[in-house]
Amino acid sequence: MNINRSRLINNFIFISILVFFDQWSKYLVVKYIRIGTEYLSFFGDFFKIIHVRNTGVLFSIGSNIDPSLKNLFFLIIPIIILIFVFSFALKETNRIARIALVLILSGGIGNIIDRFFRPLGVVDFLDVKFFGIFGLQRWPTFNFADSYVVIGITLFIIYDLFAKNQSTNL
């Protein structure tokens, strides 16, 4: 098996596992926790599991825009971006960059699945205290797909700033 085919298979397996975990966690939240209900709290109120829906994007931005525009901004454009990221990931030779891109793809796919199949919005359920940093007492509620995207982007920025000029096979 050539390296590109092996890389494609590995990426597909990794993406499938992450998307499955994201969707499974959302399924459990939808099945067992009513919308707007806090289910568990850990370490006082530092970390909570609460079922909310997000009809916008990051931090609920755009949740009030016209529904006819939501398909364009929250489905079509993200799908085009994911196709670009996927093609970039297939060509990338650096392992760190590939992992970052696969994380971004996994998160994007997980949230796009919600947009297609959950008319009430993307399922968010992880709620973390933020101690007033940036004026936020609590970080906006998120899900595993959101985490994949943030970790992937952070990892890619670190790679781009520090490791890009190093060997391509870190």
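Each residue, glycine too, has its Cβ placed from N, Cα and C.
What Swiss-Prot records for 13-33 (among others) is transmembrane segment, and it gives sequence analysis as the kind of evidence.
The transmembrane segment annotation in Swiss-Prot covers 72-92 (among others).
What Swiss-Prot records for 96-113 (among others) is transmembrane segment. Same-chain neighbours of the transmembrane segment (96-113): 7, 11, 14-15, 18-19, 22-23, 26, 75, 78-79, 81-82, 85-86, 88-89, 122, 143-153, 155-156, 158-160, 163-164, 170, counting only residues six or more beyond its ends whose CB sits under 8 Å from a CB of the stretch.
Swiss-Prot lists Asp124 (among others) with the feature active site, giving sequence analysis as the kind of evidence. Note on Asp124 (active site): other Cβ atoms within 10 Å of its Cβ, all shown chains, come to 22.
Residues annotated as transmembrane segment in Swiss-Prot: 142-162 (among others).
The feature active site is assigned by Swiss-Prot to Asp146 (among others), with sequence analysis given as support. In the three-state DSSP classification, Asp146 (active site) falls within a helix.
Within 10 Å of the C-beta of Asp146 (active site) there are 21 other C-beta atoms, taking all protein chains into account.
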